[in-house]
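J.: Just passing along the structure, written as structure tokens.
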Amino acid sequence: MAQHVLLMQEELPTPIDSQVDDQQYHFMSLFLNLVNTFLYMVNTYIIVPTADDYAMSLGAAATVCGVVIGAMAVAQIFSSVYFSAWSNKSYFRPLVFSSVVLFAGNVMYALAYDFNSIMVLLIGRLFCGLGSARAVNRRYISDCVPVKVRLQASAGFVSASALGMACGPALAGLLQCNSRLFKLTFNQETLPGWVMAGAWLVYLLWLWISFMEPPRQSEENVSPAQQTHVESSENDSLENGLKQPLLLSLEGKKQEEDGDQEGDGSEECSNDSRLPVTSIASAYRLLTPSVKVQLMIYFMLKYAMEVLLSASSVITTYYFSWSTGTVAVFLACLGLTVLPINVVVGTYISNMFEDRQILLASEIMVCIGIVFSFNFIVPYTVVQYVCSGLIMFASAEVLEGVNLSLLSRVMSSRLSRGTYNGGLLSTEAGTIARVIADATITIAGYLGESHLLNITLLPSLLICVSSIIATLCTYNSLY
């Protein structure tokens with residue numbers, strides 16, 4: 001499960017790194033990071049069962065739910081970058097900012113009903129996306145958790161995300177009431193906003209009291225004693241005879257490979273190939289063809305999953321007349337499959353097959369799930385929708401874990417640190433996929449709800465087939 005986090009380790013950790021890890025580790029701070037991850041995923045999916053009803057109550061079409069849900073992902077494209085940069089200097093301040101912005105966003109989301117304004121609704125969701133601190137949560141685990149417990153912390157990150165994804169729709173199904181208090185409306189559309197606003201306020205107070213900012217230590221600020229230790233270690237290495245030339249040769253070869261990937265004249269091609277990149281463009285130039293294919297796969301699976309989840313309320317209401325509670329149960333059940341699937345894959349399947357074999361098989365299963373989701377059989381049945389959706393979702397979850405595991409191995413070591421790291425690249429690829437998927441739902445809605453299912457599934461099928469072909473072309477370079 002920890003493979004989902006895409007944490008790439010340094011090749012040669014020093015004794016200083018170990019000392020810093022021990023000084024920086026604070027269990028409650030780690031736990032608060034995981035709580036932030038959980039609450040954000042709840043915040044993302046709690047509106048999915050009721051977004052179409054909320055849009056219609058404000059005078060918009062039901063398929064505008066795609067824009068409402070996707071607004072959060074649009075803002076997250078930008079928030080991932082500045083939160084990643086902010087985490088270079090602090091962890092506490094970004095988490096406080098995240099909580100405040102999410103509190104404000106949820107209040108606006110809830111107040112949109114009484115203002116009768118779809119614009120307030122969308123602004124509220126944009127604010128929620130601007131508060132996405134997942135880059136900080138990921139970075140904290142990478143930088144401030146000792147190696148001996150980093151695997152458990154990474155698994156906790158995935159578990160918190162999965163539980164939040166399941167609890168969001170389930171909680172929405174429980175918020176069934178209709179009342180007014182102080183001229184404010186509390187019903188199934190507004191209660192998700194009010195509940196999450198209260199949750200973020202409580203979290204903010206807890207964060208302020210319990211979080212401990214880890215000490216910052218850079219190479220420039222190394223103490224004289226530590227510097228002496230490092231110099232002594234270097235001298236010992238020089239006295240080891242044949243070992244040092246081999247290390248220098250290996251380092252020179254790595255620099256040469258990074259230089260070839262970046263191209264002539266790149267400002268990133270320096271004597272120290274371990275320096276982090278300074279821009280998205282520089283990071284992109286470090287990507288090999290196989291890495292680009294894997295980012296394409298990540299884009300595909302996030303697109304397919306977003307179409308399945310975001311359009312579920314509209315599609316099930318049109319074909320099966322499901323209530324909000326039924327949609328919430330269906331989405332919660334999908335979310336609850338994440339943990340057992342990861343356990344089975346990590347414990348059994350990964351020991352029986354190579355990662356690239358699991359990758360290709362998962363892509364094919366996602367494709368099969370998409371094909372059987374089409375409305376080519378009349379009448380369209382609940383069994384067909386639920387089974388095909390389960391196949392698609394479960395296969396996409398397996399694909400995500402294996403794909404990110406391969407990415408962490410083949411990405412350049414220069415993408416393991418700094419603002420523009422491998423985790424940010426994968427996050428941006430997935431977020432852009434979600435934005436496009438939600439926009440597709442809204443655009444397809446103009447052709448009528450009867451065509452929504454097939455129109456939204458068609459791009460998923462084309463992207464999936466393309467990713468399978470690309471995987472076959474780079475299969476031998478995957479390991």
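Placed from the backbone N, Cα and C atoms, the Cβ positions cover glycine too.
Pulled from TrEMBL, these are the listed features:
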- 30-48: transmembrane segment (TRANSMEM)
- 54-83: transmembrane segment (TRANSMEM)
- 95-112: transmembrane segment (TRANSMEM)
- 118-137: transmembrane segment (TRANSMEM)
- 149-171: transmembrane segment (TRANSMEM)
- 191-209: transmembrane segment (TRANSMEM)
- 219-240: region 'Disordered' (REGION)
- 220-230: compositional bias 'Polar residues' (COMPBIAS)
- 254-273: region 'Disordered' (REGION)
- 257-270: compositional bias 'Acidic residues' (COMPBIAS)
- 295-320: transmembrane segment (TRANSMEM)
- 326-346: transmembrane segment (TRANSMEM)
- 358-377: transmembrane segment (TRANSMEM)
- 383-407: transmembrane segment (TRANSMEM)
- 457-478: transmembrane segment (TRANSMEM)
J.: Who are the long-range neighbours of the transmembrane segment (95-112) in its own chain, taking Cβ under 8 Å and residues 6 or more past its ends?
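T.: Residues packing against the transmembrane segment (95-112) from afar: 32-33, 36, 39-40, 43, 47, 54, 58, 83, 118, 120-121, 123-133, 136, 184, 190-194, 196-197, 200-201, 203-204, 207-208, 211.
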J.: Take a look at 118-137, 191-209, 295-320, 326-346, 383-407 and tell me which one has the most Cβ pairs under 8 Å to the transmembrane segment (358-377).
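T.: Answer is 383-407, with the largest number of Cβ pairs below 8 Å.
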J.: Out of 30-48, 149-171, 191-209, 295-320, 326-346, which stretch has the largest tally of CB pairs under 8 angstroms to the transmembrane segment (118-137)?
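T.: Most contacts with the transmembrane segment (118-137): 30-48.
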J.: So are the transmembrane segment (295-320) and the transmembrane segment (326-346) touching or not, going by 3+ C-beta pairs under 8 A with a sequence gap of 6 or more?
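T.: Since 3 or more Cβ pairs under 8 Å link them, the transmembrane segment (295-320) and the transmembrane segment (326-346) do come into contact.
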